[in-house]
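Asks: Swiss-Prot lists Tyr28, His164, Ala165, Ala166, His167 with the feature substrate binding site. Feature annotation from Swiss-Prot assigns FMN binding site to Ala60, Gln102, Arg215, Ala307, Arg308; the stated evidence is sequence analysis.
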Amino acid sequence: MARKLFTPWTVKDVTIKNRIVMAPMCMYSSHEKDGKLQPFHMAHYISRAIGQVGLIIVEATAVNPQGRISDQDLGIWSDDHIEGFAKLTEQVKAQGSKIGIQLAHAGRKAELEGDIYAPSAIPFDEQSKTPAEMTTEQIKETIQEFKQAAARAKEAGFDIIELHAAHGYLMHEFLSPLSNHRTDEYGGSHENRYRFLGETIEAVKEVWDGPLFVRISASDYTDKGLDIADHIGFAKWMKEQGVDLIDCSSGALVQADINVFPGYQVSFAEKIREQAEIATGAVGLITTGTMAEEILQNNRADLIFVARELLRDPHFARSAAKQLNTEIPSPVQYDRAW
């Protein structure tokens, strides 16, 4: 039987050489606090391309300065950021990988000086700053900032854009009734709470015709929060808008007890793939090639997003191939070892 983990996957005009995706993970390493890439970022991402990862998604990258989780996050709110990202995309592609970027706004989870913003003036927890409720004008401005960030990502040479609508950040905050208590057109019903994400998707697509992913938190793990049924509905709307893949994570909107085990989020990807009829990515404690192959062979997801295991092992693709008794190409410089 062919090893599906090492088969290509094509979305629009982008072909990823295998099904392994480096999930976006914040490195908090923009030490000049200007949102720009540092030498560490170049080494970090390029090394995973050398390690034969099919698609590398750059960590949550803020569309405005107050949209950062911390002041050491990456940013793409200025044309000054384009040059660094262009160098990164060129080098990653030179090693045979595709590269995407996750566009993000931290919302009420921003840990910054000055005002922070959210759909409603509800802090993340008792220790967190209370955000200012966004005005309609600020919402429209933020949507335009996502659009401008997408245009910069295109100029920098990215293959794929992912919108971050998970983990309790701004887009997720609009979606969930736990964090969105608005009474205007951006709050209340499912349709209204989806409006911010939906309008952002439309704005991004005005300047971006490449593959578009959205990361979601498929469950808030608490009463009156979002669950998988809600996200199946949202995924259907995203598909209608032209989103190509749903990256299925979960949690982090509020403090919650989560039963974590290997592959604990895979069922979310499976259900959305089946019921919304859209491609999905599975993520969360997927640490072996055997586990990844099972997910793909049973059509539970289309791509495997690997996070911490790729921090531990930049050559995860090689390790997975050995586990699956299959051969994959190696960088010519590494032939003597592989």
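The backbone N, Cα and C atoms fix where each Cβ goes, glycine too.
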Asks: If I take the alpha carbons of His164 (substrate binding site) and Arg215 (FMN binding site), what is the distance between them in whole Å?
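Replies: Cα of His164 (substrate binding site) to Cα of Arg215 (FMN binding site) measures 5 Å after rounding.
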Asks: Enter the number of other CB atoms within 10 angstroms of the CB of His167 (substrate binding site).
Replies: 20
Asks: Determine, to the nearest whole angstrom, how far the Cα atom of Arg308 (FMN binding site) is from the Cα atom of Ala165 (substrate binding site).
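Replies: Their Cα atoms are separated by 20 Å.
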Asks: In whole Å, how far does the CA atom of His167 (substrate binding site) lie from that of Arg215 (FMN binding site)?
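Replies: Between the Cα atoms of His167 (substrate binding site) and Arg215 (FMN binding site), the distance comes to 9 Å.
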Asks: Given the FMN binding site residues Ala60, Gln102, Arg215, Ala307, Arg308 in the record, what is the largest Cα to Cα distance, rounded to whole Å?
Replies: 17
Asks: Have a look at the binding-site residues Ala60, Gln102, Arg215 and say which one has the shortest Cα distance to Ala165 (substrate binding site).
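Replies: For Ala165 (substrate binding site), the closest Cα among Ala60, Gln102, Arg215 is found at Arg215.
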Asks: Could you tell me which of these binding-site residues, His164, Arg215, Arg308, has the fewest other Cβ atoms within 10 Å of its Cβ?
Replies: Arg308
Asks: In the structure shown, with every protein chain counted, which of the binding-site residues Ala60, Ala307 has the densest set of Cβ atoms within 10 angstroms of its Cβ?
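Replies: Max Cβ neighbours within 10 Å, all protein chains included: Ala60.
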Asks: Between the Cα atoms of Ala166 (substrate binding site) and Arg215 (FMN binding site), what distance do you get, rounded to the nearest Å?
Replies: 6
Asks: State the Cα to Cα distance, in Å, between Tyr28 (substrate binding site) and Ala60 (FMN binding site), rounded to an integer.
Replies: 10
Asks: Pairwise over Tyr28, His164, Ala165, Ala166, His167, annotated as binding substrate, what's the top Cα to Cα distance to the nearest Å?
Replies: 19
Asks: Translate the DSSP assignment of His167 (substrate binding site) into the three-state scheme.
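Replies: The three-state answer is coil.
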Asks: Just name the most isolated of the binding-site residues Tyr28, Gln102, Ala166, going by other Cβ atoms within 10 Å of its Cβ.
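Replies: Result for the binding-site residues Tyr28, Gln102, Ala166: minimum number of other Cβ atoms within 10 Å at Tyr28.
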Asks: Let me check the 10 A CB neighbour count of Ala165 (substrate binding site). How many other CB atoms are there?
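Replies: Taking every protein chain into account, the count is 28.
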